[in-house]
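First up is the structure itself, then whatever we jot down about it.
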Amino acid sequence: MKRPATRTFGILTSGGDCPGLNAAIRGVTKAAYWRYGMSIIGISHGYRGLIEGDARLLHPRDFDGILTRGGTILGTSREKPFKPDPGEKDSEAGSRKVEAIIENYHKLHLDCLVVLGGNGTHKTAYLLQQAGLNVIGLPKTIDNDIWGTDVTFGFHSAVDIATEAIDRLHSTAHAHNRVMVIEVMGHKAGWLALYAGIAGGGDIILIPEIPYDLAHIVHHLQTRQQRGKEFSIVVVAEGALSREESLMSKEERKKRRKKNRFPTKGYEVAHLIQEATGMETRVTVLGYLQRGGTPSPYDRLLATRFGTAAAELLYRGDYGKMVALRDGEVVAIPLGEVAEKLKTVPPDHPLIDTARAVGTCFGDGV
């Protein structure tokens, strides 16, 4: 075997945690260490650790036995080095952070930085590449909204968790003849609500990509009741928008929600349903439950595939790429193609049609 292009690389996890991070870390590090003989520097708490120089040499004992563990052994943060901190009027703080990252990258004698994260993480990775650093990305998020990959690790585990929650809510909704509103994550993309909503038999699914009208939701619930269905399940993505909200600017929506004083979109929808129909309505917000715990077998497999593919890129010196899954094959795509792009649910996605075919309502009157 020829000498690897990468001798030493740093690895960090950035952004929100999700199931599969440790499996991906394990995939990268085991392949890089045992197959290619590379040295690995673990960077704590995402980009913040690289700013502060919080890093250490990893040994096999560090990445053994972590395949099934949730969270991340490296810790994470939502540090965005190219953005000024809250209260900063200019970009000086951001510039200092970027300078610190570049300085510590060289102090640690890194040939490359491997980052595991979502959209913001990969945008930063691309900017660091533009600043002269070698970077490789691995896509993780339960939202499944990273452009360029068919699926991200963490997504399927979250679908499993949300679907199980919907299954459990069916029995209590049936027992009390209630409308149960369950809110799942998905601020700008409704993949999680769509997949879990269909798998869990949701009667109504509300996602950001399809603005809803309360009148259509009410009509669907009342029609179900007239047919003898005494309970209903409404699956709401946290970023779902009413038709009225979809025509507003971001700032206008913020003001409206602040005025309404509902803690989340799920509570707003539940309140409006009960007010309009008189049906007893309850809310469950899954929140961080969706991001925690043991990754599903699918996510362990996907994260391992992504990790070993990243090790291969390190070996070849094929930097500036994000590992992705396309049509069942693991590929590498340029970071520049990924940065600042979002993968949302197309309104004509086959799963939308599947859901409509079994009578699921999206609140749009179709």
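Note that Cβ sites are derived from N, Cα and C of the backbone, with glycine treated the same way.
Copied over from Swiss-Prot:
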- Asp143: active site, proton acceptor (ACT_SITE)
- Gly16, Arg78, Glu79, Gly118, Asn119, Gly120, Thr121: ATP binding site (BINDING)
- Asn119: Mg(2+) binding site (BINDING)
- Thr141, Ile142, Asp143, Arg178, Met185, Gly186, His187, Glu238, Arg282, Tyr288, Leu289, Gln290, Arg291: substrate binding site (BINDING)
- 77-94: compositional bias 'Basic and acidic residues' (COMPBIAS)
- 74-94: region 'Disordered' (REGION)
- Gly120: site 'Important for substrate specificity' (SITE)
If we check Cα distances from Arg291 (substrate binding site), which of the binding-site residues Gly16, Gly118, Asn119, Gly120, Thr121 wins as closest?
Gly16
Spatially speaking, which of the recorded positions Thr141, Asp143, Met185, His187, Arg282 is closest to Gly16 (ATP binding site)? Use C-alpha to C-alpha, please.
Thr141
Cβ-Cβ under 8 Å from Gly120 (ATP binding site), same chain, 6 or more residues apart: which ones?
Ser14, Gly15, Arg78, Lys80
Check each residue in the chain of Asp143 (active site, proton acceptor) that is at least six apart in sequence and keep those whose C-beta is under 8 Å from its C-beta; list them in sequence order.
Gly118, Thr152, Phe155, Met185, Gly186, His187, Lys188, Ala189, Trp191, Leu192
Write down the Cα-Cα distance for Thr141 (substrate binding site) and Thr121 (ATP binding site), rounded and given in Å.
11
Please give the greatest C-alpha separation between any two of the substrate-binding residues Thr141, Ile142, Asp143, Arg178, Met185, Gly186, His187, Glu238, Arg282, Tyr288, Leu289, Gln290, Arg291, in angstrom, as a whole number.
32
Tertiary neighbours of Thr141 (substrate binding site) (same chain, Cβ under 8 Å, six or more apart):
Gly15, Gly16, Cys18, Gly117, Gly118, Asn119, Thr152, Gly154, Phe155
Within 8 Å of the centroid of the Cβ atoms of Gly16, Arg78, Glu79, Gly118, Asn119, Gly120, Thr121, which other residues of that chain place their own Cβ, given that this set defines the recorded ATP site?
Ser14, Gly15, Gly46, Lys80, Gly117, Thr124
Cα-Cα separation of Arg282 (substrate binding site) and Glu79 (ATP binding site), in Å?
36
Distance from Leu289 (substrate binding site) back to Glu79 (ATP binding site), taken between C-alpha atoms, in Å:
22
Cβ contacts of Leu289 (substrate binding site) (under 8 Å, same chain, 6 or more positions away):
Ile161, Ala165
With the cut-off set at 10 Å between Cβ atoms, which of these binding-site residues ends up with the most neighbours? Options: Asn119, Thr121.
Thr121
For each of the binding-site residues (Gly16, Arg78, Arg282), count the other CB atoms lying within 10 A of its CB, then report the residue with the highest count.
Gly16
Determine the most Cβ-crowded residue among the binding-site residues His187, Arg291, using a 10 Å radius around each Cβ and all protein chains in the structure.
Arg291
